[in-house]
């Protein structure tokens with residue numbers, strides 16, 4: 001596929017795109033594949049807390065990241081990898097300048113890097129006028145990371161396989177206090193650990209007929225291992241569950257605590273122990289990126 005460059009109204013315009021966080025309301029590991037990847041059953045929900053990517057499509061072919069992230073080589077940055085991947089698959093002659101306002105923590109389990117990659121793929125598909133389908137973009141995204149497809153599809157979903165088989169589900173859009181202790185956790189470290197649970201029984205489909213998934217019927221298989229290895233996470237979780245239902249997201253280190261109102265979440269935030277970073281956010285069953293893309297598509 002070759003992207004269109006003639007009469008492209010998006011060229012040389014700086015356009016902002018949200019790159020939202022996600023939480024895993026539960027994460028069950030139901031097996032391990034021969035290729036080393038794990039078969040999961042997890043429920044993704046977005047939250048209204050996002051990085052912001054600014055992209056400017058250019059007539060020159062270069063891919064430029066104007067705001068490098070400390071400690072991450074540009075060649076290893078998922079933002080750059082995603083742009084290069086789409087450029088190679090589309091055979092476009094166009095380029096892009098990208099900057100990021102990064103507010104999502106790294107090593108937190110909120111999917112920030114995967115979200116950044118997905119936003120780049122979806123945004124450049126529009127700005128370069130490549131016309132790949134969401135399914136095609138998801139296949140590209142999966143090569144960058146297992147969480148990338150959910151951010152491309154843009155709806156809350158029950159995910160199976162490595163996280164790429166998605167079924168739309170609408171959990172309640174609760175308010176959450178998102179907390180992070182003073183540590184970061186490597187996803188690879190957790191998923192390669194010998195004592196990680198890998199044989200959780202698959203869910204009966206009827207178990208999904210609810211809107212509240214932060215109950216004892218669901219759990220995060222990574223959490224038990226993480227609290228053994230990271231006392232900071234263990235201490236934080238023990239404190240939070242005294243107030244409201246709390247669970248680690250992804251492989252951590254972030255923990256979400258569920259509330260029915262913004263005021264309740266803010267009230268507990270004010271009581272947090274020192275050294276804990278935090279923010280309050282609402283669950284979203286539709287990614288804010290979808291709305292931005294829809295508006296821009298109408299303006300072409």
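Cβ coordinates are placed from backbone N, Cα and C, and glycine is handled just like the others.
Per Swiss-Prot, the features are as follows:
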{"type": "ACT_SITE", "residues": "22", "note": "active site"}
{"type": "ACT_SITE", "residues": "147", "note": "active site"}
{"type": "BINDING", "residues": "105, 106, 107, 108, 109, 110, 111, 112, 113, 114, 115", "note": "ATP binding site"}
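Feature map: Swiss-Prot annotations on the structure.
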residue	record	contacts (Cβ under 8 Å, 6+ apart)
22	active site	44, 45, 46, 47, 110, 111, 115, 147, 150, 151, 249
105	ATP binding site	112, 180, 184, 254, 277
107	ATP binding site	183, 184, 185, 186, 253
109	ATP binding site	23, 24, 185, 248, 249, 250, 251, 252, 253, 254
113	ATP binding site	78, 106, 145
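Apart from 105, 106, 107, 108, 109, 110, 111, 112, 113, 114, 115, the ATP site neighbourhood in this chain, defined by C-beta within 8 angstroms of the site C-beta centre, holds 21, 104, 250.
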